Amino acid sequence: MASQLTDAFARKYYYLRLSITDVCNFRCTYCLPDGYKPSGVTNKGFLTVDEIRRVTRAFASLGTEKVRLTGGEPSLRRDFTDIIAAVRENDAIRQIAVTTNGYRLERDVANWRDAGLTGINVSVDSLDARQFHAITGQDKFNQVMAGIDAAFEAGFEKVKVNTVLMRDVNHHQLDTFLNWIQHRPIQLRFIELMETGEGSELFRKHHISGQVLRDELLRRGWIHQLRQRSDGPAQVFCHPDYAGEIGLIMPYEKDFCATCNRLRVSSIGKLHLCLFGEGGVNLRDLLEDDTQQQALEARISAALREKKQTHFLHQNNTGITQNLSYIGG
């Protein structure tokens, strides 16, 4: 289906990132260094399964092909499997993925797959157990690794692993990561550290451009792959000697926003046109009843006309994003 979601700059939107909670049990230094602190929203305040069903139905009708469930940590919701199944009801949505810290993968991943999940991203910022503990605040490295193995055993042909690239923390560990994916079908995605409202000091201390890694990969014979229309923002590289792939997400690179194809809905039902945009468009009053779908689609389409051509990270403008758990990264 051709996307009906097209902005003023002729960008088409096939990809919805849907946050279902902002609660997380990890304390990652770049996201929630002081742990989760409720912002006045209780668990009962997050989108219900029926509301999720309605919002994804509207996006599917407008041409969305891929939905990624994010948080916080999505698997903390007891109804997470039901949420996957609700999204799966839309035939137009070909891919349903989750971004997770992985701590419940080993126990639940087979059930998620049975419910309709087609893709998994796991956050792993270090392959050293002690450093993993230091970054996340949780001594769960072996549990997360077992979860990745369980995902393959459950039938997932590929697992994506997200690694936030940080100077003097993990930027020098490329060889360790490459050895890990040599015989595993893992797409390892290095994500440039992004400045948020609460993370300016960390950003100044640890930001390093992904271009350093890209130059090194090209020097070693890695080959840049073409993007598909519902892919995320990663530049993906492959190598004939490796079962895995490398992805680079570099939001500070020139023209990063030119290929934007994704919209975001927060866990309380606000449409965000950009991860680092201002404010959000409330959709929740149109998620109460199935009869509101036409009005919901109209509001989404109208909001998209206001999407700006680019973010303003280069000007140190992080918008309303105080931390990445709020809107799901």
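Yeah, the Cβs are placed from backbone N, Cα and C, and that goes for glycine too.
Note that the structure is a prediction, hence the values are computed from the model and not measured.
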Binding-site annotation, Swiss-Prot, GTP: partner of Arg17, Arg68, Thr99, Arg262, Leu263, Arg264 in Lys158, Lys160: Lys160
Candidates Met145, Met194, the one Swiss-Prot lists with Tyr30, Gly72, Ser123 as binding S-adenosyl-L-methionine: Met194
Cys24, Cys28, Gly72, Ser123, Met194, Cys274 screened against Thr99 (GTP binding site), Cα within 10 Å - retained binding-site residues: Gly72, Ser123
Binding-site residues near Arg262 (GTP binding site), in sequence order, restricted to Cys24, Cys28, Gly72, Met194 and a 10 Å Cα cut-off: none
Closest of Arg17, Met194, Cys257, Leu263 to Cys28 ([4Fe-4S] cluster 1 binding site), Cα positions, binding-site residues only: Met194
Neighbour-count leader, CB within 10 A, binding-site residues: Met194, Cys257: Met194
Model confidence over the domain 'Radical SAM core' (8-234) (mean pLDDT, whole number): 92
Collapsed DSSP category at Arg68 (GTP binding site): strand
Leu263 (GTP binding site) and Ser123 (S-adenosyl-L-methionine binding site), Cα-Cα, nearest whole angstrom: 21
